[in-house]
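Written below as structure tokens is the structure these notes are about.
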Amino acid sequence: MNLHEYQGKQLFAEYGLPVSTGFAVDTPEAAAEACDKIGGNEWVVKAQVHAGGRGKSGGVKLVRSKEDAKAFAQQWLGKRLVTYQTDANGQPVTKILVESCTDIAKELYLGAVVDRSSRRIVFMASTEGGVDIEKIAHDTPEKILKATIDPLVGAQPFQGRELAFQLGLEGKQVAQFAKIFVGLAKLFKDHDLALLEVNPLVIKADGDLHCLDAKINIDANAMYRQPKLKTFHDPSQDDPREAHAAKFELNYVALEGNIGCMVNGAGLAMGTMDIVNLHGGKPANFLDVGGGATKERVTEAFKIILSDSNVAAVLVNIFGGIVRCDMIAEGIIGAVKEVGVKIPVVVRLEGNNAELGAKVLAESGLNIIAATSLTDAAQQVVKAAEGK
């Protein structure tokens, strides 16, 4: 689950980290009032969406009057912001963050992720702040500094000081960086985060360090342990198909291809997507119906897949283990009839009662293409999607 910038900064403040004074507002009038509360004569207004690249798309602006802040809120509230990290429809803007202006001398980067290879939280820092860190890691990986956190003892101040020296920080900045480093590490662990970024972490004109941005992603599997963070969820930022799928305990992720995929098991689903790609196709989604693939869930899965107008064919790949393939076949037939599927459907069944399942499909009288193997299924669905 992603958090908005203002929510991330709220958590930063709770851990004693330096952030700008700001208010998240949902009306133009409140934006003007926020300027009065903050004081001064310059403010930064930011559209709140779960995507980067807001500045380049006009979603971040420096304003010098309450009227300009109000006008910015009027411009964006209720609209959709399109950035390089969103699809063509963009993300809806329901909140504007109004905060004090910061005089920046230099921009740095500080972030943390769970590194699967070392099974540790790893912090990354760079002197190249304010830009896409993935690009820096690709073009100049030597500019990425790393510190691995030992789970038994946690983040240590000396690790923060080492990074600070490598970043070229001096004097009071070293202690400030170490405090931010340890605070972020505690925040990461306490709230089961999957990713945390401060981009940029800035050196102000007076030499102090300041967290100018906050990007936080929480491990969805740990949300049951984070009741407070559940209240931070903004459903307006969710893909409507993914949100609908979650109601039926279907794991769905929308992609940009034209071949719908329905599979039981996350690993098999990823393998199915890979083999579709291998044979020249483009998956329209990841969809794992899980072990209990009932007719109702298969029906909902079809509805979700077909709600994507780009889908030209559907591949159903089921491995029968606890669930029998003949039961799955009956569910597919019922779903195809109920939903009224008009595009080609390729089905590959393997495992428990696979032959009986194939027979049920063949006798259904429906235009369902039975595949003999996963390779055959991928080839068939790619041809079907191309109209061949």
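Using the three backbone atoms N, Cα and C, a Cβ is placed for every residue, glycine included.
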Exercise. Given that Swiss-Prot annotates G321, I322, V323 as substrate-binding, name the residue from N258, N264, N367 that shares the site.
Key: N264
Quiz item: Of the binding-site residues listed here (N199, N264, V323), which is spatially closest to E107 (ATP binding site) when Cα positions are compared?
Solution: N199
Quiz prompt | Between D213 (Mg(2+) binding site) and G55 (ATP binding site): CA-CA distance (Å) | solution = 12
Quiz item: Average pLDDT across the domain 'ATP-grasp' (9-244)?
Solution: 94
Quiz item: What are the non-local neighbours of G53 (ATP binding site), defined as same-chain residues 6+ apart in sequence with CB under 8 A from its CB?
Solution: T83, Y84, Q85
Quiz prompt | Cα-nearest neighbour of D213 (Mg(2+) binding site) within the listed binding-site residues, T102, N264, G321, I322, V323 | solution = T102
